[in-house]
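K.L.:
I have a structure I would like to understand better, so I am pasting it below and will then ask my questions one at a time.
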Amino acid sequence: MSRPTPTATRGEIGLLSGITVLAAIAFTPLFDSIEIAGVALIAWLLWFTMIAAPVGGLILALRSKGD
Amino acid sequence: MTLMIVLGYFLVLIAIGMVAYRRVRNSTDEFFVAGRSLGTFVNSWAFIASLASGGSVMASVGSALALGFPFAAALVAGAPVGFVVASVLVARPLRKLGKYTVPDFFNSRFNSPMMRVVVPVLVVIASSAYIVSQLKGSAIVAGHLLGWDYQTALWVAGVVFVLYVSIGGFLSVTWNDIFQGILLFSCMVGLGVAAFSAMGDFPTAWNATLEAYPALTGAADAHSVWSYVGAFLTWATAISVLPHVIMRVYSARNVRSARVSLNTAMLLYGVMMLIVAIVLVPAAATLLPNADITDPDAIFLTLADRVFGPLGQGVLAAAVLAAIMSTTAGLLMACNSAIGHDLYRGILRPQAGQKEVIRVTQAATWVVGILCILLAINPPEFLIVLYTAAVALLASAFFAPMVLGIWWRRTTAAGAGSGMIGGAVLFGIAFAMDLPTSSEVLIGLPASFLLTVAVSLVTSSGRDDDVRDAWLATQEADETDEEAATDAEPTR
């Protein structure tokens, strides 16, 4: 009998989707002209992603004991 | 003082390697993955040390000043995201597989004779390019701080890391990584505090920096927008297939530990990179008004000279060398494993015993290490771009076949092989063309996905089902049971 393929949890799918959306917004040329404290929005969004993604991943990993 | 600290640091690394040798000399499980018993604390620091390299530490300040905050952010943000992607997409299946290397995964999932050769060869080529770039960094640091000429510094630093990798295997790399990771993080925080104090009023320094370096502020000015996307995507995907990262996933005591340490390490790495962007860049601009941004790798060290005393400079030199040598050691371990475990035992002499495989691997360590040192004598410019190209090659070749092989049951060996070869070849062609910096992966990676899917659909005849089901059987172990069993084991 064929064995089942591994599946991702809703949290994991949500995390990857969130990263994708943040990256898409960061790289969208529409926001090129926006600056915060003299620095382009793309840099702030990428720095935010750089911290938020591991925080999200860490929360998911710490909650994964029973999965 | 600086010389004494750096020499003392080298001696500590070699001593750690010799202690590790007593544990690993008779067992491939110990030599390649440290007995699969590394805990979360150990692997978190080791992951930081593995990722934080000459480029991401030493070139970070100068690259931001030369290329702007947006491009520097695109370069450094991809890696933390990549670790999160790896923790979700590949950490659990690979740790459950319980092997040693990236080629082991492809052999288990596809059992393809072509991949048995192509995967380890690509690992060796890409890792060697990465090692050469790191060796250049180590020689620059040692030369700058110790007054040695480039070649002397290159040979001394190169031989030290080859020595401790060859004698102590992955356990030596790991113990050294912990030491190096903690040293690096502490020094970056210390440098941040010292630079913040030295630059005076922060808002004034920040505004003066933006005026002095207009390129810092703009989006998509330094490069094409495709360079920004490519730099980010390269690291966001490559981490899942970087051989020295995957070996560390295999070495974790269980799935949960692997995933927690991947994310913890990247949170700490993200903090380091924020210190660079928010503190060290304005500090460099303020304290080094005549900095030469055409040599971005040297600005970090010049800043350290400016804000640290002799003792601090020596410790920082050791920390930067730690960043470089830990990454290089991990890559060298990936190279020697590909040669000793995947090519020698996997193809040439499957009947080889554990001691023989370890001896071949140790010999391979010296051969690859010396070759990389020779190549680094005349190294390419711009450290960070060279090693980004090496990891982009791995991402273009391996990411799609690995991720689809894990998550899409219809992936066939022919499909994965086509995606792998097609991704690597198209990346190579793109790299040879005059495309925007770092954008080559935007051709190689999608092509690899398309080829893997298209060829798998065409060749899906059921011939690969047995191999696939054998792979899926490795994924059915109950993680809770596994943790209960491994929780009783001592953590190294």
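A Cβ is built for glycine as well, from the same backbone N, Cα and C atoms used for every other residue.
Features from TrEMBL:
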type     : residues  : note
TRANSMEM : B:6-24    : transmembrane segment
TRANSMEM : B:45-65   : transmembrane segment
TRANSMEM : B:71-94   : transmembrane segment
TRANSMEM : B:114-133 : transmembrane segment
TRANSMEM : B:153-175 : transmembrane segment
TRANSMEM : B:182-205 : transmembrane segment
TRANSMEM : B:225-246 : transmembrane segment
TRANSMEM : B:267-291 : transmembrane segment
TRANSMEM : B:357-377 : transmembrane segment
TRANSMEM : B:383-407 : transmembrane segment
TRANSMEM : B:414-435 : transmembrane segment
TRANSMEM : B:441-459 : transmembrane segment
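How buried are these features, and what lies next to them?
P.N.:
Below 8 angstroms of C-beta separation, residues 30-31, 34-35, 142, 145-146, 156, 160-161, 163-165, 167-172, 175-176, 179, 314, 317-318, 321-322, 325, 358 of the same chain, each at least six residues beyond the ends of the transmembrane segment (B:6-24), sit close to that stretch.
Within the same chain, residues 54-55, 101-103, 106-107, 243-244, 327-328, 331-332, 334-335, 338-339, 342-343, 346-347, 368-369, 371-372, 375-376, 379-380, 383, 386-387, 389-391, 393-394, 397-398, 413, 416-417, 420-421, 424 sit at least 6 positions outside the transmembrane segment (B:114-133) and bring their C-beta atoms closer than 8 Å to a C-beta of that stretch.
Packing against the transmembrane segment (B:153-175) from elsewhere in the chain are residues 10, 13-14, 16-21, 23-24, 30-35, 38, 42-43, 46, 135-136, 138-143, 146, 247-248, 251, 321, 324-326, 328-330, 332-333, 336, 358, 361-362, 365-366, 369-370, 372-373, 376-377, 492: each is 6 or more residues past its ends and has a CB under 8 Å from a CB in it.
The list of residues near the transmembrane segment (B:414-435) in space but at least 6 beyond its ends in sequence, with Cβ under 8 angstroms from a Cβ of it, reads 106, 109-110, 112, 114-115, 118-119, 122, 226, 389, 392-393, 396-401, 404-405, 441, 443-445, 447-459.
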K.L.:
Going along the chain, which residues at least six beyond the ends of the transmembrane segment (B:441-459) come within the CB cut-off of under 8 Å?
P.N.:
226, 229-230, 233-234, 237, 392-393, 395-397, 399-401, 404, 408, 410-412, 414-416, 418-420, 422-424, 426-427, 429-430, 435
K.L.:
Does the transmembrane segment (B:45-65) come close to the transmembrane segment (B:71-94), meaning at least 3 CB pairs under 8 Å for residues 6 or more apart?
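P.N.:
The transmembrane segment (B:45-65) and the transmembrane segment (B:71-94): touching, yes.
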K.L.:
Considering only Cβ pairs under 8 Å, which range in B:45-65, B:182-205, B:267-291 makes the most contacts with the transmembrane segment (B:383-407)?
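P.N.:
By Cβ pairs under 8 Å, B:45-65 leads among B:45-65, B:182-205, B:267-291.
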